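Q: Take a look at this one; I'll ask things after.
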Amino acid sequence: MEGNHHQTHSFHLFCSRTHNSSNMTAAAAGASAGLLSLSTVLIWFISLKECMSEGVNSTSSESDLDLDYISFPSVDYSNFPTPCVKDVNRNFRRWFMPTLFSIICLLGVAGNLLVILTVFHFKRLKTMTDVYLLNLSFADLLFALSLPFWAASSMAEWVLGQMVCKSMYTIYKVSFYSSMLFLCLISIDRYFAIAKAVSSHRHRTEAAFYSKVSSTVVWVMALIFSIPEMAYTNVSNNTCSLSNQNSTELKVGIQASQIALAFLLPLLVMGFCYASIIKTLCQARNFERNKAIKVILAVVTVFLVSQVPYNIVLFLSTSVTANGGTEDCEYDNTLMLATDATQGLAFFRCCLNPFVYAFIGVKFRNDLFKLLKEYGCMSQEQFYRYTYARRKSSGANETETSTTFSP
């Protein structure tokens, strides 16, 4: 009995283990089936994704599709804006600007260096006009020396780096503003020397000191006026210019300040001073009166011809920038072409100032001829013909009025 009971217990234990083993096997099989299903889904998803990417990137498979049964939505491309092509302006800039800038640089460096050498050689820093003329020549010389960099930049990409870009732009703007301000000081000095001759004669001993102080103030003011452009000038798209990321208000403010400080202010000051001088000269009976008036007209004409066209175009460009640009491609191209042409005309000022303010004067011209004779650039006969003989035939008298505008 005990043996049978033991056998029966063993049989039930075996069946129980077999049943548990079957359950475990079924569970394992279920888990395996679940994992297999999940793996199948993942493999199917990955395969589908690869097929879709191959279908997008492959160009050969497109030929197997029958596109006749696929309808595409029609798009009216006439409503899309046409890109503004500026290749003509860029080609014009590549040959026009380097040629013009090279000519201005050569003439400007030669003329202003002669003025500077003459002033220092003969120690002509005795009047306010001498000091202002020397500073004007330094400003124009710096301006002329910066032009080769812009000529090279207009021909190709800017390759001189960020530091040189900011330095050249600073020199360009400081010399530009200081030159215009020194033109104002020269006209003010001539106004007091002629229209207010009595009062200016009382302060003649202090003139040299005042001229040096005012010249220092002009350079500081020119540097301050140039700070915004100095700060926001960067190399963008291989071009040294104001960054395109700057706000429209900043660009408009910079251009408007240039028009006001470098054109309208000198125009008003020079207009008032020279009009008063002409009025005073017309009341005098000096035989040099007509010559002095001609010098004034030459000074004003050079300023107006060189600066008015450029500032008109700059005003139009500022208006377009303030309005968010223009959709008229032809107008935009015309404005760019006019900017390049009038800017080149305005830059000629730096090589014309020595002739208008210095070489036209009797005293300064004689000193220049002496300098050329001393350095062997002029013979004694040529020096006599250009100085003594001309002065004797014209009966020129070196009065204050005759050398007012060009010492």
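We number each residue from 1, going along the chain as drawn.
Here the Cβ of each residue, glycine as well, is placed from N, Cα and C on the backbone.
Source: prediction; values computed, not measured.
Taken from TrEMBL, the feature transmembrane segment covers 26-46, 95-120, 132-151, 171-192, 213-232, 252-274, 295-316, 346-364. Marked as domain 'G-protein coupled receptors family 1 profile' by TrEMBL: 111-357.
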Q: For the transmembrane segment (252-274), which stretch among 95-120, 132-151, 171-192, 295-316 has the most Cβ pairs under 8 A?
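A: It is 171-192, which has the most Cβ pairs under 8 Å.
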Q: Might you confirm whether the transmembrane segment (295-316) is in contact with the transmembrane segment (132-151), defined here as three or more C-beta pairs under 8 A between residues 6 or more apart in sequence?
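A: No, the transmembrane segment (132-151) does not contact the transmembrane segment (295-316).
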Q: Tell me if the transmembrane segment (213-232) touches the transmembrane segment (346-364). I count contact as 3 or more CB pairs below 8 A, with pairs 6 or more residues apart.
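A: In this chain the transmembrane segment (346-364) does not contact the transmembrane segment (213-232) - fewer than 3 Cβ pairs sit under 8 Å.
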Q: What parts of the chain pack near the transmembrane segment (95-120), using Cβ distances under 8 Å and only residues at least 6 beyond its ends?
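A: That would be 130, 133-134, 137-138, 140-141, 143-145, 147-148, 150-152, 154-155, 340-341, 344, 347-348, 350-351, 353-355, 358-359, 364, 367-368, 371.
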Q: I'd like to know the mean pLDDT over the domain 'G-protein coupled receptors family 1 profile' (111-357).
A: 87
